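*Asks:* Can you keep this structure in mind? I'll have questions shortly.
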Amino acid sequence: MEVYIPSFRHEDSDLERGYTVFKIEVLMNGRKHFVEKRYSEFHALHKKLKKCIKTPEIPSKHVRNWVPKVLEQRRQGLETYLQAVILENEELPKLFLDFLNVRHLPSLPKAESCGSFDETESEESSKLSHQPVLLFLGDPYVLPAASDFPNVVIEGVLHGIFFSHLQPR
């Protein structure tokens, strides 16, 4: 799993003063998705993670400082924090995966120490779904044959499909 925070933006709200939203890019198993979180959500995650695993330091919250340089330092610090949690823990807690909107892997022992799958999800929803994958290493019709003998079956089928208007050899 790879995690980056490529950007942030300022949100204005009628009910409260504005806040900053950090855009988190999550790359896992060849798939990429984005999650947006406020600093307060990072801080809440940190408090919960400290009870389950050894955590790195989280960047401090500056007193309503909207200076772009300070926000950029916080973005870098939060990115480093997420990457350190991943690097320092062989198995990631369920609440960390929830934070990143990553589908749970049912065989993570440390995940259960932070909350069991049975508490929040049914057995059906926590199962991994099967995603068939097709892999073509190369086109067998373009690559040279492994032996010097022609494959008469393949030649016959290809001739019949693509050259049916021609007479046989």
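Glycine too: its Cβ is placed from the backbone N, Cα and C atoms.
Positions annotated as domain 'PX' by Swiss-Prot, on the basis of sequence analysis: 1-125. Annotation source Swiss-Prot lists N-acetylmethionine at Met1, citing similarity to another entry. Under the heading phosphoserine, Swiss-Prot lists Ser113, Ser116, citing similarity to another entry as support.
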*Asks:* Cβ distance under 8 Å to Met1 (N-acetylmethionine), same chain, sequence separation 6 or more: which residues?
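*Replies:* When sequence neighbours closer than 6 are ignored, Met1 (N-acetylmethionine) has Val26, Leu27, Met28, Ile86, Leu92, Val102 within Cβ distance under 8 Å.
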*Asks:* Quick one: mean pLDDT on the domain 'PX' (1-125)?
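*Replies:* In the predicted model, the domain 'PX' (1-125) has a mean pLDDT of 82.
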